[in-house]
Structures are given as structure tokens and as C-alpha cells.
């Protein structure tokens, strides 16, 4: 009887632990209700293709695969953990035909038609920049562009060396490998690069783009992996890392900002107002007022970084409003990131492109170029007054990934979402710098 009683108690304890297990903060029975609802919707192919249907699908799917990615050994340390697991599984669901067309449409409407990605990035930029000491922000922005240039130089040198080892000429390495990888992603990088290539050389833009996007896809994977590795290095060698802070304050001495008082929901709502209005102003500037400078188009997120920085420097925002914007930014980055990554996997990740690009030479060359970007940005950042880990992530890896969605993948892999403003400078302003370099390189080939 004693043994039976103990066995019964053990079974009850096991059942109790299972019922208390939480997925995305929800007890297992409650999550099971949400999952069963989603499966019914999938079985009957009945899902509204609007924000409600899209968010329901993205929340439920992101929750389960986020928990798996967070707990999976090796993957959670070296590959990027939950966010990377989510977008890879979501991309596979599209590739394998598991998602119905209605489900793809629902997610696409959230990401593309409603452009949730723009809102997500706008909120993170506003919160990240307004939370930084005003004087420190201005000094760091002035030093950041040279750090980006150091990353480009590092990527070019490493790329040329490894290219020569494979018997590839210098001009071809720069044209087909270094520039696409460091060019700011797909829409702001590979696409305009192919147009510049066509207009300068007269050759096929399609031929250039197909090669460029394949190389960029491989580099983006390495950027995510290296981000996770850099996070581990920073934890072991703490003097190399600012734990999410880019600037070494010993190098940029400033007075502390005034402390915020009590923060209410209203200040958080004001953070949303500032995020959307600053984005709107940046969009107007980029599309109508100053669509290009010296023939180079500047992306609206690059303008937004400058606008929010100017707003911070102006002193118009009280400490409470700044804290409200930071609270909103934290909510998006901590509670909605898994949701967003489902959309990234469905809308911005093509597994077939990744598979097609996996040749030995392409993999090795792309990896070495990304390493060069990391080394160059780390050295340049250290000399200017930044932490090497953070400068190599933002000015190195966020130059070598695939733009806005790549920034989120890289920063989530190394747990540094608060660096999104610098990542956007890399993807947008840095990408513009690469387009200027491309115009020169391509013209030398004619």
C-alpha cells in the first residue's frame, strides 16, 4: 500500500507540474485551447485574412516554437534560440505547403499590407534613441559612421584574400560578394545594386540579382550565428562587452539625464504617438522633400534615426515621456518579437534560395567576409570609444545581414534589441554608402 500511495503521489505531482507548465506565460490547458482553435481553423480552412486572423496565427505558432527554440540545446546557444527557430519553422511551413493560402494571406496582410514590421522598427527606434543620454547620443552618432566604414574595409580585405584563394578576381569578389553582403539587405541593397549594375555596365540586372541574393542569404545565416557567438564571448570576456550598451562611458564622459517620475499608461501612449509621427515625417522627407542626396537615396528609417535623435537633443521630451517610449519599446521587443518572427519567416525567408546557394565556395567566402566585417567594426569601434562586441554586432553584422528583418534576427540572437537604432543606421545609411561605392566599382569594370 505504501508503494502504491507513493506512486499515486508521484503521478499527481507529475500531472500537476504538467498543468502548471506555461507556454508564452499561459498555463498548458489555456494554450491548448488556443492551439486547438487554430487547428480547427486550419482543418476547415476558415481564417479571416485580416489583423485578427493574422495575429492569432502568429501568436499561437510563435509561442510554441519559441519555447522549443529557447530550450533546445546547442541551438539556443549557437544558432540564435527562439527567434531563429520561429522564422525557420515558419519558412519551412511555407516551403512544405503546410500553411494554407488563406493562412499565408493572413500573415502577409499583417506584415506587408498593414506593415507591422515598420511599426515594430519605428517603436524600437524611438524607445532606443529617447532612452539614451542626449549628449552621449550625439557623440556616439558622430563616431558610428567611421565604425561602419571600418567594417566595410574589413569585409573587403578579408573577401579579397579568400577570393584570391579560390581563384576569383578582385573585381568579381567586390561586385558579387562584398557589395551585396554589406549593401543593406534585399530591397535597399541587392535590388538597387542590380539596377546600378545594369545602368553602369549594361549587363543583365536579373543575372546579377540572382547571384547577389543567394550570397546575401548565406551571409545572413552566418550573421545570426556569429551574433549568438559574440554574445557568448561577451559574457566570458566582460571587458569586451557593454552588455547591450555601445558606448564606453569612460571615453564619452557626460552628465546623467534627469530621472523620470511616475510613468502612467498615458506616457506609454505618447511613445506610440512619437513613434508614428516621427516615422511619418521621415517618410515625407525620404519620399518628397529629400528623396536623394548627391544621387543617393536615403531610406526613411535612416531619416527617422536622425529625427528622433534631434527630438532627444531638443529637450522637448520630458523624462517621463522618454521613459514611456522606452516602456513601449520594451513591450514590443519582449512580447511581440516571437509574433514578428513568424511573419519574417513567411514573408521574407525563401528556403529554396538558401538551398540553391549552398555551394562550398559560396559558404566559405560569405563566412569570411562576415568575419572581416566583425573584425573591422570591432577594431574601428574600439579606437573610437565603443565596446568591441556591440560595435561588431551593429556596424559589422547588421551591415552584413539582409536589412530590417535581418537586424531583428541578429539582435534577437544576441539579446541586444535595444541597439536597433544603430542597426538601422547600418542597414540604411550604411547601405547608402555601399551604393555609392558600388557605383564607383561598377564604373571601373566598364
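Each position is counted from 1, following the chain as shown.
A Cβ is built for glycine as well, from the same backbone N, Cα and C atoms used for every other residue.
Small disclaimer: the values here were computed from a predicted structure and weren't measured.
Taken from Swiss-Prot, the feature transmembrane segment covers 23-43, 46-66, 79-99, 110-130, 148-168, 213-233, 267-287, 289-309, 335-355, 364-384, 425-445. Summarising the annotation, Swiss-Prot assigns Na(+) binding site to 181, 183, 399, 401. Positions annotated as citrate binding site by Swiss-Prot: 186, 187, 402, 404, 405, 428.
Of 402, 404, 405, all annotated as binding-site residues, the residue with the shortest Cα distance to residue 181 (Na(+) binding site) is 402. Counting only same-chain residues six or more apart in sequence, the Cβ atoms lying under 8 angstroms from the Cβ of residue 405 (citrate binding site) belong to 117, 185, 344, 348. Sequence-distant residue pairs (6 or more apart) of the transmembrane segment (79-99) and the transmembrane segment (213-233) include at least 3 whose Cβ atoms are under 8 Å, placing the two stretches in contact.
Taking the Cα atom of each, residue 402 (citrate binding site) and residue 183 (Na(+) binding site) are about 8 angstrom apart. Residue 428 (citrate binding site) and residue 183 (Na(+) binding site) have their C-alpha atoms 9 Å apart, to the nearest angstrom. Tertiary neighbourhood of the transmembrane segment (23-43): same-chain residues 53, 56-57, 59-64, 66-67, 100, 103, 338, selected by CB-CB distance under 8 Å and a gap of 6+ residues from either end.
The Cβ of residue 404 (citrate binding site) lies under 8 Å from the Cβ of 117, 121, 185, 301, 424, 427, each of which sits 6+ residues away along the same chain.
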